[in-house]
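Feature list (source: Swiss-Prot):
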- 1-222: region 'Disordered' (REGION)
- 13-101: coiled coil (COILED)
- 16-52: compositional bias 'Basic and acidic residues' (COMPBIAS)
- 73-96: compositional bias 'Basic residues' (COMPBIAS)
- 108-117: compositional bias 'Acidic residues' (COMPBIAS)
- 135-146: compositional bias 'Low complexity' (COMPBIAS)
- 163-279: coiled coil (COILED)
- 165-181: compositional bias 'Basic and acidic residues' (COMPBIAS)
- 261-372: compositional bias 'Basic and acidic residues' (COMPBIAS)
- 261-552: region 'Disordered' (REGION)
- 404-417: compositional bias 'Basic and acidic residues' (COMPBIAS)
- 507-518: compositional bias 'Polar residues' (COMPBIAS)
- 540-605: coiled coil (COILED)
- 541-552: compositional bias 'Acidic residues' (COMPBIAS)
- 624-648: region 'Disordered' (REGION)
- 712-731: region 'Disordered' (REGION)
- 713-731: compositional bias 'Basic and acidic residues' (COMPBIAS)
Amino acid sequence: MAAYGVNFESANSIKSRKESKREERERVIQKAKEKFEKEERRKAERKARGEDTWMLPDVDLRLQQIGEEHTVKTKKAKKEKKAKKSKKEKKKKAKKEKKDEGDASCDSSEDSEDEWVEATLPSGGKDKSLEGEPEATPSSSSASNNQRDEWMTFDFLAMKTTSVADRRAQKEAEKEAERQKAQAIEQAGLHRLELNPYWKDGGSGLPPEESSSTAVKKAGVVNDGGVSWLRKSYQRMKEQADREQRSLDSVVAERYGSMEEFQKRLKEAEDAAYGERRDDEKERGRREEGKESWRRNDREEGRERWRRDEEKDRWRRNDRDEGRERWRREDGDEEKERWRKDGWRRGENEDRRRERSPNAERERARSRDDLSSKFLKPSEDEEVSRGAGFKKGSSSNQSAAFRKPVDDVEMSREAGFKKGSSSNQNAAFRKPVDDEMSRGTAFKKGSSSNQSAAFRKPVDGDHDDDEMSRGAEFRKSSSSNQSAAFRKPIDNNNDGRGVAAAWRKSSAVQDSETPTLQKHTEKSAALQEDSKTTTTVSSSESEEEEEEELILTDEEMNKLGAKIVKAEIMGNTALLEKLRAQMEAARRAKEKRAQIKDQSKRASKPAVSEKEVLLFRTDPSGRAWPVNAPSETLEPRGGRRKRKAIETHQDGERVRYFDDDDGVDLREMVRREKMSSAEDQNALYSRMAAKMMGRTDGDNYTLDDMFVSSAAQKERAGRDEERQRNKAVQETRRLAGRMEKCPHCFDSAELPKHLIIAVGTKVYLCLPNSVSLTEGHCLIVPVQHHTAATGLDEDIWGEIQMFRRALVRMFESQELDCVFLETHMNPKRHLHMVYECVPMPRELGDMAPIYFKKAIMESDEEWAMNKKVVDLSKRDIRQAVPRGLPYFSVDFGLQGGFAHVIENEQKFPHYFGKEILGGMLDLEPRRWRKPIRENFDDQRKKVLKFAQWWKPFDCTKSDS
């Protein structure tokens with residue numbers, strides 16, 4: 001029978017899949033190679049034509065002037081900075097010199113004073129009088145000129161000072177004195193015949209708190225003291241480590257600090273929980289020993305009585321059963337033990353198959369027909385029942401399935417055969433009955449389930465039917481809840497004879513049988529695992545090689561983990577070690593495979609240099625603000641963590657809706673209102689709806705109740721900040737990618753420099769990179785990356801208006817009118833702002849306002865939130881449309897125009913203004929729907945012609 005959990009695949013299918021994958025890879029590589037070669041060829045052609053270097057001489061001169069101005073400004077700024085620095089240093093130097101001079105003068109005056117005092121001669125009165133005059137003169141002059149402040153003459157050494165420690169010690173001494181005084185008063189009030197022992201000898205009158213502390217200690221151990229919880233936590237941490245491909249120590253360190261800390265807690269909990277139970281278990285073991293001899297004798301008597309009853313039945317007179325009885329008498333326990341160890345490997349089943357009676361084949365066919373409805377695949381229910389049996393440990397039932405391999409009919413019907421203890425191993429047989437259902441239920445599960453029922457000899461493919469019938473019978477027996485019973489088989493004819501004497505429960509484990517049982521269990525479990533993990537019966541060395549090379553899937557890893565848990569529950573150390581070795585080998589193979597993939601990816605991809613970027617969010621009005629750093633540690637993800645409910649009502653009144661209502665003030669609410677958008681509200685709505693959708697039980701009767709209940713659940717710590725950071729990262733990456741490929745940024749490599757006509761300080765004038773709508777079609781573009789006119793600074797807007805006036809004058813000289821268009825759609829894409837100028841004849845220019853107003857009124861949604869047409873005759877677009885809204889604007893020459901706030905961007909085309917102009921000028925639709933590219937020569941002619949028109953009206957030269 002095929003091994004459970006192993007998928008087979010032919011070599012041809014593997015080879016074909018590899019071949020198709022190889023062909024697909026080659027196809028992708030060839031396509032990328034062709035694309036790369038095409039781009040390189042196009043670049044070479046552009047370079048050969050001079051497309052990447054050619055530009056107007058005036059533009060080149062202007063760029064040189066800008067570069068010189070920049071260098072001059074830089075040099076000037078450096079010079080000013082240097083001058084300021086030198087000036088500051090000079091001031092410092094002068095101050096220092098002045099200070100040194102003052103110090104030197106003071107020192108010299110003191111020195112001179114000292115020298116003058118030493119030079120006095122106490123010889124005559126005349127000298128004394130002369131000596132007194134110079135002393136009085138400088139003192140009086142210094143007193144008059146340099147009168148010192150009071151704090152300068154204050155004697156700080158004479159001031160009394162106290163430290164903090166002294167003050168603290170003084171306060172403690174005062175408190176101690178008060179305490180002693182109160183105690184003396186209490187002692188004075190006591191009588192010499194006081195009976196309270198806790199108050200008599202200076203006590204407080206109350207007993208010590210030892211009893212309360214011991215009570216607390218005793219109450220600390222509830223049930224198992226948290227041992228099961230810690231073990232369950234350890235199992236979940238192992239599952240999380242397997243799921244996230246991390247080491248177990250790191251997962252344990254996240255929750256408990258370190259593995260040593262967790263083991264310490266577990267040991268303390270086990271000592272607290274099981275320390276007092278060990279003595280009880282020893283006493284219970286001594287009581288169980290007294291019952292063993294009675295159970296053994298009682299079981300032997302029951303078996304002999306059952307055998308005597310069996311001899312009276314007529315089924316033993318059948319030839320088929322005589323052969324089975326002969327095998328039981330002749331071979332005995334020694335032959336069965338030898339078969340259990342190695343008989344099935346040498347093929348002894350073939351020798352015994354010759355001893356079958358002539359009726360065996362007929363009985364086998366009949367049993368297969370009767371059991372055809374019960375041919376089921378052995379499921380994991382057998383393993384579960386076996387696990388319970390090992391845990392409870394019945395010696396008689398656990399060894400019941402170590403049987404001699406007889407013919408397939410006997411194996412499919414022999415449910416009553418049991419192997420006894422190590423001292424008594426006589427086999428018990430059941431009478432085969434015609435009713436297969438009674439035969440299936442005759443073998444009942446006891447308090448310990450029949451663990452070794454599936455530990456059978458591997459059979460060939462022609463015996464699959466018998467194997468499946470045996471699996472069905474054992475599944476039926478393992479699902480039973482009755483105690484294990486040796487019952488007498490019944491006949492269909494014997495209605496009055498019920499089940500024979502049922503035997504007692506076998507829940508207690510006999511100490512004399514435990515070593516033998518454990519040995520049988522470990523060997524049988526190992527045989528079962530080998531039969532499940534191998535596809536054919538092969539040697540153990542080939543199995544180990546296959547396991548080392550095998551890379552298990554997640555589902556197979558989960559099943560293997562379940563087997564490990566079952567082995568831990570059963571206490572089967574040998575099987576547990578083997579399964580753990582398999583798990584470690586599978587993990588190592590998986591990690592090795594992941595490392596190989598990472599190395600291949602690193603080798604294929606070029607090294608990316610890391611750079612620090614300031615993360616910021618942009619509000620709908622275009623203002624940007626940096627993202628705050630995490631204020632608290634983010635809780636780990638993974639696992640099943642139930643969200644905690646917050647307290648929303650107090651005394652029947654609602655006090656909060658969300659978990660962070662207490663930490664939000666008015667300023668924070670205003671900030672959120674200004675900085676959040678409708679998309680943020682929609683995202684919050686969808687998150688709350690997704691978690692509560694489908695759960696309308698309990699308090700959630702309506703949709704509103706669902707949202708209220710979801711809002712009252714506490715979110716994971718730091719989750720909102722993590723969400724803001726992820727959004728900021730996405731916006732930064734999107735903006736960086738857009739600016740890198742922007743064809744209008746002045747410092748971008750995608751900018752067609754040969755189409756530039758004039759360059760100002762903040763704005764430049766260029767021609768479109770495709771076929772123009774009309775001759776003279778041009779673009780006014782900001783130098784820096786700005787997305788809309790509503791977010792421009794005053795100096796940029798002023799320079800755009802300067803270019804606009806110059807273009808109007810230029811086209812007026814040619815008796816032409818002009819229309820200025822701007823379309824700002826999808827603010828998230830951060831498209832560069834383009835202000836287009838399209839010339840047209842004057843008679844059409846006079847009719848243009850009518851065309852545009854009618855088209856705007858009929859465009860977009862029928863029911864709009866904003867005004868359909870916004871008049872720009874008395875104000876510009878920056879004052880008429882709020883920042884952050886998508887809009888379309890049109891201006892007619894130097895007059896005002898119209899603006900329209902776009903309600904539905906899917907219905908509003910990006911070529912709306914060009915389409916109206918194309919209809920007025922009767923142009924073909926491909927001019928504005930999908931613009932036609934021009935070659936370099938046509939573009940150069942167009943640029944030279946427009947430069948001649950622009951030269952007399954160049955506002956950049958007059959401005960410079």
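Cβ coordinates come from backbone N, Cα and C, glycine included.
These numbers come from a predicted model, not from an experiment.
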Residue distribution over DSSP helix, strand and coil in the compositional bias 'Basic and acidic residues' (16-52): 34 helix, 0 strand, 3 coil
For the compositional bias 'Basic and acidic residues' (16-52), distant same-chain residues with Cβ under 8 A (at least six beyond the ends): 753-754, 936-937
Secondary structure content, the compositional bias 'Basic and acidic residues' (165-181) (per DSSP, counts of residues): 17 helix, 0 strand, 0 coil
The compositional bias 'Basic residues' (73-96), counted residue by residue under DSSP: helix, strand, coil: 24 helix, 0 strand, 0 coil
Mean per-residue pLDDT computed across the coiled coil (163-279): 76
